[in-house]
Amino acid sequence: MSRLLGRTLERVCKAVLLLCLLHFLVAVILYFDVYAQHLAFFSRFSARGPARALHPAASSTTNCSRPNATAPSSGLPEASSARPGPMAPVLPPCPDSPPPGLVGRLLIEFTTPMPLERVQRENPGVLLGGRYTPPDCTPAQTVAVIIPFRHREHHLRYWLHYLHPILRRQRLRYGIYVINQHGEDTFNRAKLLNVGFLEALKEDATYDCFIFSDVDLVPMDDRNLYRCGNQPRHFAIAMDKFGFRLPYAGYFGGVSGLSKAQFLRINGFPNEYWGWGGEDDDIFNRISLTGMKISRPDISIGRYRMIKHDRDKHNEPNPQRFTKIQNTKLSMKRDGIASVRYRVLEVSRQPLFTNITVDIGRPPRG
């Protein structure tokens with residue numbers, strides 16, 4: 001009888017112990033479930049601050065619409081901003097080699113009337129100010145195209161008609177800047193190019209490649225890529241004006257490109273070449289004196305057509321150009337981007353380009 005009673009007590013004790021253990025496990029599970037919920041809540045709450053820091057564009061948009069607005073004193077985000085928006089797609093890099101879709105040799109003519117309205121219809125993806133970004137890839141460079149300008153509206157329409165489609169096919173992120181010299185004093189091409197470099201960077205500090213182009217030159221092949229490389233680039237090496245050949249080995253005129261670092265290394269372009277001629281040779285000397293070399297495309301690709309025109313009034317040949325070219329080594333440190341002086345009169349963002357009208361002064365007397 002006592003043995004039976006002992007076995008019964010032992011079973012009861014085991015059952016009680018098992019129940020206690022089961023109760024303990026249930027309590028632990030419930031505890032961790034509640035803890036996890038609290039942890040998730042606080043994680044979401046604390047993540048809201050960094051999320052705003054990762055998207056500064058959202059706050060800048062608010063500041064644009066309410067320039068004098070102040071942040072809430074609590075510092076907490078609004079309820080609508082707490083909802084995560086859709087993630088922007090990560091685009092692949094644009095190809096370094098010639099991208100697909102290039103045409104190659106182009107038929108260029110200047111007889112068909114070319115109103116700006118037509119050019120605008122042909123380029124719906126170009127934003128105000130002449131800015132464009134490829135929708136399907138991320139370019140390695142941001143390119144500013146600088147055009148020295150005065151009284152060439154007819155030429156500019158043709159240039160925009162041909163160049164915008166070429167640059168878009170080349171998968172470039174770019175902006176077009178027309179630097180318009182105010183007044184009727186002697187023209188100064190190189191100084192206008194210096195102004196364009198500075199003003200483009202004021203608008204977008206990410207520009208790292210600068211293409212300097214005359215408004216009357218149109219490339220005849222879209223494989224002539226408007227990009228910057230390890231060395232300064234000369235694009236217009238075979239103009240119809242010169243029988244589609246390089247006029248001389250040191251020629252650096254028409255259309256050229258330098259990276260931001262290369263441009264600053266030569267102290268930009270000279271400011272003292274008033275009138276036609278000489279500044280391109282001075283730039284070539286600056287590049288050579290700083291140990292860089294000129295890069296050029298194949299002559300079959302670097303072909304250009306020039307829009308025929310009479311020489312501009314107040315752009316007569318500079319009689320001092322040959323003397324100045326011989327003194328590049330002495331002048332390049334004092335005369336350049338670091339010493340350029342000008343006054344911006346107007347900035348007008350047009351559908352296909354940004355026009356910047358500037359007063360660059362007058363040539364010295366004597």
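Placement of Cβ uses the backbone N, Cα and C atoms for every residue, glycine included.
Per TrEMBL, the feature transmembrane segment maps to 12-32.
For 56-98, the entry in TrEMBL reads region 'Disordered'.
For 58-73, the entry in TrEMBL reads compositional bias 'Polar residues'.
Nonlocal intrachain contacts for the compositional bias 'Pro residues' (86-98), taken as residues 6+ away from its ends with a CB within less than 8 angstroms of a stretch CB, comprise 134, 136-140, 171, 223, 225. Feature annotation from TrEMBL assigns compositional bias 'Pro residues' to 86-98.
The domain 'Galactosyltransferase N-terminal' annotation in TrEMBL covers 94-228. Across the residues of the domain 'Galactosyltransferase N-terminal' (94-228), the predicted structure has a mean pLDDT of 96.
The domain 'Galactosyltransferase C-terminal' annotation in TrEMBL covers 233-310.
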